[in-house]
Amino acid sequence: MSEHPDLGKLKERLGEISDLRGAQSLLGWDQRTIMPQKGAGVRASRIATLGKISHDLFVADETGQLLDSLTELEQSLPFDSDDASLIRVTRRDYEKAKVIPTELTVAFSLAESAGYQAWVEARATSDYTILLPHLERIVELHRQAIALHRAANEEVEDDYDILLDDYEPGLKASEVSRVFDLLKNATIPLVEHIRAKPDAVDDSLVHGDFPVETQRSLVTTLARRLGYTDDAWRLDTTQHPFASSMSTQDIRITTRYYPDFLNPALFGTMHEFGHGLYEHGVSPELERTPLCRGASMAFHESQSRMWENLIGRGRPFWDYGLPELKRAFPDHFAGADEDAIYRAVNKFGPSLIRVEADELTYNLHIIIRFELERDIFSGTVPLADLPAAWNAKVQEYLGIDVPDDAQGVLQDVHWGSGAFGYFPTYALGNVVAAQLWERIARDLPDLDGDVSRGDFGPLRDWLGENIHRHGRKFGPNQLLERVVGVDRFDPQPLVRYLTTKVEGLYGA
């Protein structure tokens, strides 16, 4: 059966847009890894120009006309077919993008590039005033976008819903609050329990003298065992770890190294590997289309957090992992056993830095950011007062004082890069990972044995078949229902997992 001519035209147009956005991503990756500092100004213009061209091409009337001409074809095809999904998802993206004028898209791109560079300097000097004017500009641009979306859609309940929708399609702030309230109520008593036993777990094994080059070799070996291949991936160093893909066969992940602490490089690499594996596993048939990404950022974070925590901080992993540590650092780990390293990487307790937080308190870090973002956009917290508001929340939820802004409000790249509404997806990713994990454990009865032998193939295959290959064909709720039979975020599997783990490490 021959392809509808307008479908071919749509695919050609979307392919060109994908090419432009891939070039943008490559420039962004370069900016955050190896670009000379003085290249920032012109780089921002290059990224903005590519963004302008791709935006204009996407929101052009011809795109809308092609979508309209394909309505009948879409309705005649199975819902889960590639072509019906392409038309459906593209139409949603088009209707949303059409609301935003090109000038605002360019302004966002320039502000985000400048904000990133300001954040790098502000964090290095612990000087929030360097970032403040950039945040003010970014928030103002978001307010303009929110007003346009509200004018186009009278059903918007909350300004924050519009920010969430960029990362988690259809998600409402009220639903995030429901999930986070349940998580908070379950987490705080567990945090109080471990605070009463600060010496119950010894983590000295992951502290010591770990030369960076040896760490680099170790995590590269680990990544290859997990599924990284030299012909389709890169692993580089950056200030704030991230993953970026130019295509399913061009995956870039980054990590960072501390010469006296092993966890950041080890678990940062596993985390970003999870993101990269998702993009690598999307069906080749979806390449150069809007479907060639993850279903949502919560699903993306579920993959990264699964590899980082459910695998990397699980007891079976260390039957494989400890011998690798002993090969890399024979003197340091000479007398260590698997139970000792398992306990060391699972020491729980409140800490300042989100990306180094344990599984339990991590969700409180996210709840802090979610509540502050809502306060910013409701006008409750002026941006000038954000450091003080941050410090107060950290004291309230984690019970610790923030010594400086570099370890507080400036620790994350997201706000300086314009990514308001992103943070909730991290904790929601933990929720989804636990939901998926219970299903995986039923489908792969020897999963623990596989992991202990360093055989990650069965898990990769399960994730590829059930999650990765679909790309964006299904929304997050649809994908959850297909895989676990529940069409919403359910925090109870995560609560069960955390409770069992805390009691195993710290006693009931």
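Each Cβ is built from the backbone N, Cα and C atoms, and glycine gets one as well.
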Looking at Zn(2+) binding as recorded in TrEMBL, which candidate out of E213, E301, E324 goes with H271, H275? E301
Rounded to a whole angstrom, what is the C-alpha distance between E301 (Zn(2+) binding site) and E272 (active site, proton donor/acceptor)? 9
Taking all protein chains shown into account, the Cβ-based neighbour count within 10 Å for E301 (Zn(2+) binding site) is 29
